[in-house]
Structure formats: C-alpha cells, structure tokens
Amino acid sequence: MTGCPASSRRRGFGLFFFLRLHRLLLLFLVLRGTLANKLNVPQVLLPFGREPGRVPFLLEAQRGCYTWHSTHHDAVTVEPLYENGTLCSQKAVLIAESTQPIRLSSIILAREIVTDHELRCDVKVDVINSIEIVSRARELYVDDSPLELMVRALDAEGNTFSSLAGMMFEWSIAQDNESAREELSSKIRILKYSEAEYAPPIYIAEMEKEEKQGDVILVSGIRTGAAVVKVRIHEPFYKKVAAALIRLLVLENIFLIPSHDIYLLVGTYIKYQVAKMVQGRVTEVKFPLEHYILELQDHRVALNGSHSEKVAILDDKTAMVTASQLGQTNLVFVHKNVHMRSVSGLPNCTIYVVEPGFLGFTVQPGNRWSLEVGQVYVITVDVFDKSSTKVYISDNLRITYDFPKEYFEEQLTTVNGSYHIVKALKDGVVVINASLTSIIYQNKDIQPIKFLIKHQQEVKIYFPIMLTPKFLAFPHHPMGMLYRYKVQVEGGSGNFTWTSSNETVVIVTTKGVVTAGQVRGNSTVLARDVQNPFRYGEIKIHVLKLNKMELLPFHADVEIGQIIEIPIAMYHINKETKEAMAFTDCSHLSLDLNMDKQGVFTLLKEGIQRPGPMHCSSTHIAAKSLGHTLVTVSVNECDKYLESSATFAAYEPLKALNPVEVALVTWQSVKEMVFEGGPRPWILEPSRFFLELNAEKTEKIGIAQVWLPSKRKQNQYIYRIQCLDLGEQVLTFRIGNHPGVLNPSPAVEVLQVRFICAHPASMSVTPVYKVPAGAQPCPLPQHNKWLIPVSRLRDTVLELAVFDQHRRKFDNFSSLMLEWKSSNETLAHFEDYKSVEMVAKDDGSGQTRLHGHQILKVHQIKGTVLIGVNFVGYSEKKSPKEISNLPRSVDVELLLVDDVTVVPENATIYNHPDVKETFSLVEGSGYFLVNSSEQGVVTITYMEAESSVELVPLHPGFFTLEVYDLCLAFLGPATAHLRVSDIQELELDLIDKVEIDKTVLVTVRVLGSSKRPFQNKYFRNMELKLQLASAIVTLTPMEQQDEYSENYILRATTIGQTTLVAIAKDKMGRKYTSTPRHIEVFPPFRLLPEKMTLIPMNMMQVMSEGGPQPQSIVHFSISNQTVAVVNRRGQVTGKIVGTAVVHGTIQTVNEDTGKVIVFSQDEVQIEVVQLRAVRILAAATRLITATKMPVYVMGVTSTQTPFSFSNANPGLTFHWSMSKRDVLDLVPRHSEVFLQLPVEHNFAMVVHTKAAGRTSIKVTVHCMNSSSGQFEGNLLELSDEVQILVFEKLQLFYPECQPEQILMPINSQLKLHTNREGAAFVSSRVLKCFPNSSVIEEDGEGLLKAGSIAGTAVLEVTSIEPFGVNQTTITGVQVAPVTYLRVSSQPKLYTAQGRTLSAFPLGMSLTFTVQFYNSIGEKFHTHNTQLYLALNRDDLLHIGPGNKNYTYMAQAVNRGLTLVGLWDRRHPGMADYIPVAVEHAIEPDTKLTFVGDIICFSTHLVSQHGEPGIWMISANNILQTDIVTGVGVARSPGTAMIFHDIPGVVKTYREVVVNASSRLMLSYDLKTYLTNTLNSTVFKLFITTGRNGVNLKGFCTPNQALAITKVLLPATLMLCHVQFSNTLLDIPASKVFQVHSDFSMEKGVYVCIIKVRPQSEELLQALSVADTSVYGWATLVSERSKNGMQRILIPFIPAFYINQSELVLSHKQDIGEIRVLGVDRVLRKLEVISSSPVLVVAGHSHSPLTPGLAIYSVRVVNFTSFQQMASPVFINISCVLTSQSEAVVVRAMKDKLGADHCEDSAILKRFTGSYQILLLTLFAVLASTASIFLAYNAFLNKIQTVPVVYVPTLGTPQPGFFNSTSSPPHFMSLQPPLAQSRLQHWLWSIRH
C-alpha cells in the first residue's frame, strides 16, 4: 500500500511527535558522543598467492561515512564500497597484492568525513606454512544433514589467516588405516553446495560454477563407519605444504523417544522407542536393533534400598524399563561393534525412581481455570515427587477423578486417568477432584498407594465472548474527523480489558468505543476476559486506502418532484486477491455530484447522510425536468480521485435481427421477422407504449405479430410475414411511446427491411457433415461432386437448398412439393419420399434460412446409389402460371462405406528414439484429419498413400490418437488410446522357496506407467537381463510364451539364500532394477518319526523338520481313516489294527493368482498294533548302593516305546511291586518334586538302591476297557519281572578320608580346576594308564581328554607355591562307556499338610536335568552324549534347551499329559521316558461364571516354609480380586486370568470366563410383608444372577469372607428399586422406603434391604387408605438396560393414621370422637384401650361416605373424678399387623359458655384457613339447593382415588372463612349429633 503524500503525513503526525521531539534530539546527541566508531577487526592476516583471484577481505565500520587509505599499496590495496548509489562508504575490500613470498605489512586508515575521526587496521601478508581442517563435529549421520568442513591456514608462527576466500583447494577422500580396505567413497561423499539445501558463501557459489573447490565444502554420510577427508592447496607454489587430514565417523542418526530424563514411581514402567532420522524423516526402528543394544548402567540405589537389586529392569525385546526400587540409573546405547563403542554421540538418558509427593491439575489451552462454554479443553492430572519434579505417568498408574457430568462432557479419557479431553457444557462454578490410588504391576498385581494423594481444583465456566459486528472498515482520512464506533460484547465474565494491536491505527476505550481513520493500517481489537486473558473476543478493524466506489442498485426513472436516494458503497481492493472490502462508515468524506445534462436532476441538501446497513454513505437527487442524464458521484481524498455514474431512462438501439436486410421466400411461404431494441414502455405511463410494422403493398403479404409465452429477450418483437403474391416491397417498423403529461417528448425509432417473394431457379443436395472444430471442410465435393462417400452403418441426413435466378438462397421454400428417389433401394431408401423437414441455419450474419432435410435409410451394405430430388409444384392448388420453366430435378451419386478404424486401438509404446510404431487406418472416406490429444508426446506422420500413421515417441505421456473422417457424418473421431512410457518397474514372478534339485518358472515383465506391461519386442532396446547374487541356483532361458514377458527355468543346486534381480536401461542410460526377490533353497522337508507304532486309542503327534524357514503351515491327511485319524496339528490317533500313511504338505496361496502352491511334502508310515506282551527295560541289573536308575515299560519290539501306548484313552494302568523292600525303593517319576502320579501315568519308575541284596521288580499293566482291543487276545492284563542285584561300592577302611576318582565317558573332555589357581603355579600330568596310554591324555594345563578305549589312569596335580612349598595330590581317572541316563525334575513343589499333587500346575516352569551313569550306577562327572528330545505332542508343553548343558526348560501351557523321551542319537536304546501331566492347581471350577458371582479361590500349593503365595488378576475390571485372600467378584463380562505366584517355586493360573447375566432371579420370605410404619422390621428381597441358584463359588475362609464385606463390596454391583403397583397413587415409593443392596454370605445371594423412611403427616394420611402392593426389582450396574427385567410383587399393609394428639372434653360435652384412617384388614386388628377406667371407649363405627374411616366414641364416666386426676389419661391405639402404637391425650376443660361451640368453630376455622379455595367453592354451592350439593359431592368421590383427609388439631384457633355474623351451613353445624355433622365437614377435601 502507498499512503498519502509526505506533506499530509507530516501534518497528520506532527502533532503526535511535537511534544517529544526535543527529548529525542537530546538522546541522539548523548548517544552520538558515547557510542564510539569501530572497525570489525583490529588486525588482518592475508595469504600470499601468485595465481589470479587473490583472497579478498571485507573491512567494516559501524557508523558514519569513511575514506580509505593503504600505507603500502604494493602489499595491500583497499577498494571502498558505496551503498545504494551514494558517496557514503562504511565497507571496503582488502586484497593482498604482494609479489614476494615474504612477510609484508600495511596499515589501513579509515577517516570519517564528518568528524575527521580516524580508525586504523593492521594488515599483514605472509606465506601459508600449514593448513588444517576445522569442523564443528567429527561425527555425521547417514542420509542426514551434511557436515561443513573448513580449511584454516597458519603461518610459520602459528597465526591463523583471516580469510582464504577465493583460494582453490583439492578435497579428496583418503584411505583410513584403522578400518578395513574398502572403496574410498563407501562411507562418505563430498557434496557441492548446489547439490544440498544450504546457501553457501557467494565466492563458493561462483567457484562451484567454474568446477573449482574452495576452502569450505560439505560432506555427507553414506553408511556407518570411519572415513578420512584430505585437502591440499591447489596453487603450485604451495605444493610442499602438507595436506590436512580429518577422520570422520559416520553414524546412524538414532535417538530415543523420549530422550529426556524420566522420573518414575516404583512399579511403573515406560516403553522407549528407537527412531532414526533418514533424509529428514523420522523412521521407527524395530527391535532387536541391528547395530546397538540397550543397557541400564550405573544403578544408584537410594538410601535404605536393596543394593543387591537393580533400580530398574530393562526388557531387551520391547525396550520397556520397569522401576523396581528408589534410586537412579542410566539407559544407554552400546554399539555391537567393539571398534565403534568409543562413539560419544549415542543417545542416553537418566531414569530416576522416586516417591509420589502431590498431584496437580493443568488445563490447556490457557492454563487458567476460567473456561468457556462449548470449548474443548485438555485437563491433565500431573504427579510430582516431593521435590516438585513431574513424574512420568505410565499406563499402569491409576488415578481416579471426578468431573461433574452436568458441567463437563468427557470426550476422551486415558486408562490411567491422567489425560482428559472434556467439553465445557454450562456456565457456573464447579470443583473437580483427582486421587492417585494404585499401581498395577505387570503380573496384574494391584499395589495401592501407601498414602492416598488427593487434589481438587475450582473451575469457573463462562459463555463465549462474542463481539459484533464481525469487522469494521474505515477509509483512510488523515485530515478529516475520526470515525467512532461502539463495539457490542456478549458472554464472558463481564469484566474485560480492551486492547488494540496497533494503537497508531485504532484506539479503543475501556468501554469498547473504537476511534480510527487518520492512520492507515490494520488492527485487531481484543476484549480479553480479566479472569482468563486467553479467552477473548476479537474484531478486525481496517483503515484502508479508498480504491473503488459504486452506486448501489436504485430506481433510474422518476416523476418530476420525486427524490431518489442513491446509496453509495466504497471499497478497498486488495491488489493480490482482487477482493473488495466494503467500508462500514465513510460519511465524513466530501462527495461531488455532477450531471452531463444540467437541469434534468438536481442535488438535494448537499446529499450526505449517515451510513446504513448496506452502504457507508448516501446522496439524494430530485427530478426537475424530463430527459436522460448521466449522474456522476465522485470523491477526491488523499490525492485519489474516484467516481461512479448511473444513467437514467436509456434504451438500446433498434435493429433488425432476422432478416438483416432482405428476406427471400417462395410463393405461400412464411418468414419470421425479428426486431430488437428501441424505447421501452415508460414506467410511469406504460399504456402509451406502441410498436407497428407497415407494408407498402398490403394486399401481397399477410402480417401477424407473434406473441410468445416466454420470449428470449423482453425487447424482441416477432412478426410472421406470408407471401400472397410474387414481388418485392419495403416493410417499415416503428417503436416508441406516445407523448404524455409526464413524458412529453418520447423517442420513436424507425427501421426498414426488404421482403421478396419469387420462384426457385435451382437446387443442390449435399450430405450434412458435422465438421470438427478447426478442421477443413470435406474436400470431396470440390473435386468429384458426383461420387460422395457416406456411411453404410448410419442413416445419412441429406440437405436440400433452393436458389433464385440470382443465385440467392431462399429463407423459406416450405410451400414447394418435392419427391425423393433412390436408384437402389436394397442399399438405401427414403421412408417418406415426399416429405422434407425444414431446418433453420444461421449464415453467420445472424439471419436464419430454412433448409430441407431428408433422412436416407441405409441397409449396412457397401455400394453406390444415385439419389434424385424432383420438383413437382406448389402445395397450394392455385399456383402461379410461370412455373413451367422452373427446374424439375437434381441428382447426386453416393458411395456407401464403413467408418474409419485405427489398428491397433490400444498400445503402450516404449519411449526410445529407435522405436517406430505404425498404425493402419482402415475403411472411411479416405480423407482424414489426424490429431493428438496431447502435443509433444510423439511425432505423428500421416502417410496418405499407405493410409497409415507412423509414431515416434518423444516424451512419456498418455494421449489419444484422433482420426477425423472429413467426408462422413461426424459422430466423433476414430480413436486409439496410446501411452508413451518410460520404464517404471521391472517385475519378477516366481516361487521364491525352492527345494534343492527342483526347478521353478521365472517370468520377467517390464511395466510402464499405470502398471501396463511392455511388449517383449522392446526388451532389446532396454538391454534387459537377469542377475543372481550367488550361484546356488542356475537360470536357463525358455521360448516365448506370450508377447509381454520372457521366461526362464530356475534350478536349485545348493542350499542357501540368494537374490534375483532384473536390470534394464532406458534411452538416457539410467539403470532400472526390479525389487530383489529373495530365493530360499531349502533342505528336503521331513516328517518325524518316519514310522509310528500305536495301539488303538493312543495318540501321538507327527513332528516336522526341514522345509522353508520360517516353516509354513503343514497340512496333514491320512490314507486310511478307519485305521487312524489325524487332525490339523498332526496328532494321529489309532483306531483299529492296520497300517496307514500320513501325508504332510507345506503350501501357501499366491497373493496374485490365488492358487495353492505346494513347496514340499513327506509322509509317515502308521502301524496300529495290539500289545502282545510288555517288558521292563532296566539298563543295568547290577547296581551299587545309593544310586538311581530309571525303569520303564516297553512292548515286545523296540518300536513299541511308551509313546505307543502311554497316552491312550481309555488308558492303561501300571502297577509295580518288589519282592524285597529293604534292598531298594521303587518310586514314581517326579517324586523328587513331591508329585504323586496316578497309576495311569506310572509306565516309568525310578529305582533307588539302599542295601546290598537281590530283589525282583514286577509290573502289571491293566487294560481299563476290554472292548478297545488294546491287548492281543482281548487280555485284560500283561506283566513282566526283572531281577536286580545291589552290591556295596569298594571302600577303604583306613585312612578315614576316602579317595575319590574321576569318572569320564569315552571320547570326552574335562577341564580340571583347583583352589590354588592364580595364587600358585599349578601343573598336572598322567602318571600311568591302563591298558595303554590312549586311555587319557593331559595337556599340562588341566585339560583331560578321554580316548576311545575304556580303562584307568593315575593323575598327579602339583602346586608350586611362591613361598617355597610344593603340594602334590594324586587321584584316579576312570574312562568307561555310558550305560544309561536319567531325567530328574525341578523345582520342588510343596503343598499344605495332608494335600498332594498328581500333576504339575498349569503355567508352571519346569527344569529337566539329564544325568549319565555307567554299568553299575556310578554318575559321570562329564558328558559327551548327543541327546535327542522327543514329545508325543507339542501343544501342552513348551520345552527347549536350558542355560546349562544337559538341561531343558519347559513351560506347562495347557492341561493334559505329555510324554517326554530322551535318548542318545548314536545309541537309541539308551533312553529315558517321563510323563508330564498338567492340571489346574487353583480351585474351584469356574465354568458357568456369571456377572455378580463371588469366587473364593484356593490352592494346595505353599512355599517351602508352608506360606501361601500371592494372588494376581489380569483384568481387575472383569474379575475384581483381593490379592491377599484370593477372592474375586465378577463385575463385567469377559475373560480374566487368576494367577497364584509362590516366588522362586511356581506360578500357576486359571482362566475365568465371565458370562453376562441373562436375567436376575428374585425371591423373598413369604411370611413377610411391607408396611410403612417407622421402625418396622427390615424387609429382605433376595437376588441371584446366572443359572446356578447362588452367587458364591468355592469354600470361603474367614479372611475371604471379611475381604468380601470390607474390600470387594459386591453389593455395589446391584441397584435395587421399588415402586407402588397402583399407578393412580401419585406417591413415589422412594419417599416411603429407603432401599440399598447387600450380599448375604450365609445364603450366598444378593439382598435388597428395604427400610421405612420418616414420612410427613400428609404422606401417612394418603397411604393409610391406599390399596396397593409394591413392585421390587433389581438391576446390575454394568447392565443398565431393562431388557429381561423381572419384577416381583410384594404385599404392602399401610399403617393406620390418626391426626389427633389430644381430645378435650367438658362437663356439658362429655362425649368425644377419635377418627382413624386405615384399610379394612388394619382396622379389623385395631385395639383401642383407655389407660383409666374414668374413660370408656365404645366400639367403632364406619363412615358411610368415606371408606376406611373408623370412628371411636370416648365417654367420661365421672367428670369430676376425671377433672381432679393428677396424671394425664390416654387412649392407646395399636395394631399387630403394622406394629403401631399411638396414644391420644384426653384432658378436661372448665365449663364456659359456648366452649363447645368455640372448639368446633376453631376446628372449622383451621380447616377453612387451610383450604380457602375449596371453601369459596363450597360457599357458592351452599347458595344452591341441597340436591346440587349431593350431586357435586358424588362427582368428587368419583374423581378421587386416594382421599387426602385434613384433620385439624384441636385447641389451636385459626382464622376462619366465616365471620361472626355468618351462620355455617347445616351440614357443618356444631350442634349434635356429632357423628353426623362433624364427619361431613371433616371429610370434605380435594385431590392434591
């Protein structure tokens, strides 16, 4: 924007700065004296050089203008630099000009031209002695920002040169001596600045353009490692200066997320992510990391912490760090490469484990607790430690919170409760709360916070702040009045601070009044809430330059004396967007109004008014005389002249549209003439408007005006002119308004056209062509007009034109009679040969002429046909006589042809200059126009002679080849959709997993754009070839099978992996590579075992090895399903005796074709047999004492192992016995861990030898089901027996210390260790071997190697001590073969006293250890056996090698029996088999568990010391569990895992599936009922969920029962509800009863406890006669819906009601009444008794008018005695049904006149005072007859379901309705009889 002239600005702002001008001048003078002039450097050192382009240096002064001078021009020259074309210089360029390689100096003097102050700089020129490379870092990252390297040059004294700009250097990458010999550019590369996204110094950019290198370069990392960069000076003079080297490390830009220090609470965790920066993008790195490992180091435990444990634990696989105790530790990266571990740039962070201190709230945005309705806020609950440091909140923290739902809508809440996205709903003040409650450990153990931490925050919510209007705009008016505007504000707290973002433009007052206009610019006025400045309303205010003005729509014609308001809008036009902004107020601008015709309109009152809603100013004009004028309104402000004009009463010129000049028609034809324009009807007198068309000879033509219902234009006028006789004449058209009083001089326009009526002289017939835009017309009629091609496929439209004798074309010839004919109607014909369709066509001038169209019907046959048109005559009978000489016919010959087609229609062309594609044009007329939809994609050559198109590709692109047939009816061009494409992708299709020595088909295709394949004829232009990474496979080409691909045969020759790629080149030589296909050559797939022997009903699983890795799913099938069956896991179950074959195949589905691909397959022979006999397999029968040996049952053959029969269903039982029990013990397997297996699993036992002797072991195998056919001959049992000899081991009696010998297997090794190693020199040697020296060898360093011969040797070990003493020990070494092995289990399992385990607990981790023995039971000290592990199934037990030799780790994952077999690969007979049974160790059974069930879990497992373990739960929201006692409450449907953990021993679990409760079952004690008597017995309603009848599972201990009632609170699951059954009773049950839920441990069900609330008198009165019961029901909190809700009806007996607390009797009136309301069964059980014999209570009587009212009469027997009684007398009223007991005090009153009257009058006044409205109604009724009253009373009884009875309390007078002179009605009379009169007025009531 440009402002006003400078003079205007100075006038506008002079006043603003005048008062402060002298202060600014004074400050400037002070600063001028204090701020000294300085140069940027005091000394400069420049290098000597002999090559052109000397090194420049820029010298700068801070302020002033200077002249520059050098004292030694031969050494240094100085060139001043002048800025902005002035003569002021603050900079100069120094250039070293020395020609001698010696040190020279010069002084640069800079003199300030105003103050004459002189500055000095010393400049030296010297020779470069050495150079070095300066870098900000020695480490750079792969594919990251480049590193800038700079050369620093030093002279002989070590001084640094000031600049090296312009000197040429040679940069290169040198060999790194510390790294492996690799390609020099493999680690880094040198970049130009033009290749990077960084701006270089100007001189560097210029040098790079000249392919030179300067003193600054960029290097970029390619891959990790070290590299050396070398630089030397290019100038030959400095060739002896040594090159500078720098060694750089290239690292991956890897970092931790988060990377800052973290504070954790004990038990919480944080999951780290590792990411790296690649080309500016962050990419996550998956674990495990390729080059790094994460470690926790420097564990610093807090005071009182356990130093044996770590502060935190790191999970390597997930990078999750879990805090275990207070302290701190460091999480660091460690490079796997040892040489790279010295890198300092690897990320790390510190983790602090702290205690929670307090909580804090934060709210965003704004961080102020003054919020706005409708806005969304993020409320964060932060946890801080005691040092006020924020703690990382992990997902396992639990924070409870309370945000009132009335004020907040929670849109998102995290699980831990720390992060909330809420929406403020309503205004007000509210308090939110949060508490840190617990931490959930990874084992689902919930650890409550020791000291509960709470925090609360007060929040104020207001409505949004809204300012109106939305914006303000004022024109810039520097010398005029200021514009003022009051901004309206709504919402907020009501207290605002008003600010303007630009107070020079807009000033705003504290009341919101803005003032602007004198300074141009924009400003935003903010109304900020004082309570929260972040909450504000804003309005944009613009003071802009006036660019445009316009007069808004208005009335343009007006009567004389009327006034027109011309609204004026003014705008500012944005130069960039061209958008216009209307000003709000421009009324202060002075307007000028001008008119081109003076006196027609005049300006009224100078024309300026206040702005309106749609305009910013206005003016008024008044009409003084008739006419037309141009009103111009202009404004001249700020040297800007703008104007806007409006024309009044104007019309368009009159013109003839059709015809323009002449119309030509045949006799009796019609021409439609169209005229446009002329004066419009005057708006004040439209009736005076006229128009007319006049003819010279009216008898020869007929004229009729056409009135169309909706004309195209309102000022168009249409006439139909019919020729009645031949000839020519002129037609005149006039239009205007007749003169009138208000329009005395109207305009009238006249226009003339010629109308000719003549005979036709000639005709022409041509096909109608739709010529494409821009194409030439068909050339054929010009060359050969008698043979015109037309389409044989489509009907052709033939056009007939008729001409007169002057060759003028007729406008209309529809009166002619014509006849059409075809010479060959088998080729073409006319359906109606006499008719013709007249079609109007524009000739380009706007005049339309009618042409005759006839459709030629074709029969889709090629050929030639002659078409003729004959003129028969006129359609009218009386035709002119001169038609005999007129033309009779016209002929044209047509050629019927096909449409042109392009062959082929679709093609993808390879973009290569050697490619030329030819497309044929088939059929058509032969005259074509060839176009392309896109230019520049191909070169098109149309070869007309060959009727073809040749294309040469230029650039890639998609285009359509369009061929237009110029001489056929145009329905669109013939098209060919073509695509010119470069190589986009190379595609390889093959099976990437190949078994060795097999072949697969390889297909290669080249794809262009849109994945379209190229034809293989282009492959030679692409130099396509296949390349293998290794030679483990071979490729052989095949013959072509299709035109889009090449095929090869791939043969696998060696096992391994390789990569296959396809390579091609484009025309630019760029190489394209396909996606590498990784090919795996895998070993043959095998199923194990090769043969399987089973008995019927026994199961064993087929295992697999080999095949592709990782192995795909194996699909199993069996050849004979009657012998055995196999499932998808490969588990084979025998059925009957026989053989079968199990087939296993590895297959997958091709993602592209969907076909099943079989990689490999194998088979297993299955034999199902019956056991003929059993035998005990004992590896040795002679054993030493105190040893162990396994024994197990086998079949008669070696294939009948325990795998064959030990897993049958029904199974076998094994019973073992011994002849002598004192020689050995025969114990089951796993007895070492205190497991007692059932007899079905005892196929293997362990012999424990105790004493010398001989005994026999016998086993008997029983068949549990004889029909299963498991034993041969249908036997029920088989047995076997074996003899065992136990003898004592050889021992010496003297000395007492028995020598021990080393026992080693054959061909094994053993490393000896002594206790003197490191302290003395220890050596060993073999003294003697038997039978020869090959038994054992020793290397002198303690390594024993056993040979292949069994024998013994003597070993001597010598220790030479440093203090001069030598020690020697001699031991024996025995080498023997291994006879048997034994498997033992760990850890030991302990159970509660009297309890046993028959199986391993589910989830337990087991360790199996293998020990080896010789032939007599001695255990070997070392081993060399290669063991083979086999399982009968792999789905129940996960087993693998342990962390020690000959140990296996197993995890029990499913219930069932798994057989584990171990044997020597070289000696399969040396084996051991053990059963591993897995069962639940947690009780009870959790099947059919429903929401609401309470489960008391228990287990027999204990620790070694008899202590129980710890309970844990996986989903506490599903099964809320007390971790101390192990009791849980099912709170919501789902699946949860209950864990029991005994640390260091066992951790077991059980799955609990909680089902949703279908419905709740309700019941109660039928002997009980409800009443509303206060302090009545509590009513209990029993509820059960599910289908079990009770909700308590398992046996609950007292501690568990206490946890149920105190901790778990299951009653919170249930919501109880009650409701009266009588819907007409307008009393909610919640006012009568208090209901809450509970759980009964005795019954094991939920209970709804219903208690009676205190009730008001009105409520007791209304309920006393209520006939209703009570509905009771319950709902679960988690299931709010009432679907399937069951209600139960509970009897209800209401309490009786009495509203009398006392009864007053007198001497004259000694009889009183007590009225009781109640239901009949309550009234029948009432007992009314007097406390004294002085009063007598008579029997009650019922009111005939009011049901439920009982009246008791009380009479005084002796009034004197009654008056003299010291103690009060009571009438006691009680009922056993409702357990009520009420008392009415009866007291005596002294005799007074009218006492009784006053008493009853008081009752009446009290009643009428309370029911004034009712008494008004009664007063009106009493004025009528008694019969009307009775009818009205009956009506009230009908509408009243529950009477609300008002009983006034006696003795308290109230103001009555009747005055003292009035008499009450007779039915309210105070005279006897009391029972009748009082009853009536007492019962009068209305329904509330």
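Including glycine, each Cβ sits where the backbone N, Cα and C put it.
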Candidate annotated as N-linked glycosylation site in Swiss-Prot, where the set is Asn348, Asn906, Asn1332:
Asn348
Which residue from Asn502, Asn522, Asn1575 is recorded in Swiss-Prot as N-linked glycosylation site?
Asn522
Please name which of the glycosylation sites listed here, Asn304, Asn348, Asn495, Asn522, Asn812, is nearest in space to Asn84 (N-linked glycosylation site), Cα against Cα.
Asn522
List only the single closest residue to Asn931 (N-linked glycosylation site), chosen from the glycosylation sites Asn348, Asn522, Asn1445 by CA-CA distance.
Asn522
Other CB atoms within 10 A, centred on Asn304 (N-linked glycosylation site):
7
If you compare CA-to-CA distances from Asn348 (N-linked glycosylation site) to each of the glycosylation sites Asn495, Asn522, Asn812, Asn1445, which comes out shortest?
Asn1445
Taking Cα atoms as reference points, rank the glycosylation sites Asn304, Asn495, Asn812, Asn1445 by distance from Asn522 (N-linked glycosylation site) and give the first.
Asn495
If I restrict to non-local contacts, at least six residues apart, and a C-beta distance under 8 angstroms, what lies near Asn812 (N-linked glycosylation site) in its own chain?
Val665, Thr666, Ser669, Val670, Lys671, Met838, Arg849, Leu850
What is the total of other Cβ atoms whose distance to the Cβ of Asn84 (N-linked glycosylation site) is within 10 Å?
5
Counting by DSSP secondary structure, give me helix, strand and coil numbers for the domain 'BIG2' (1082-1154).
0 helix, 39 strand, 34 coil
Drop a 10 Å sphere on every Cβ of the glycosylation sites Asn348, Asn522, Asn931, Asn1445 and tell me which sphere holds the fewest other Cβ atoms.
Asn1445
How big is the gap, in Å, between the Cα of Asn304 (N-linked glycosylation site) and that of Asn1445 (N-linked glycosylation site), rounded to a whole number?
39
Rounded Cα-Cα span from Asn1445 (N-linked glycosylation site) to Asn495 (N-linked glycosylation site), Å:
81
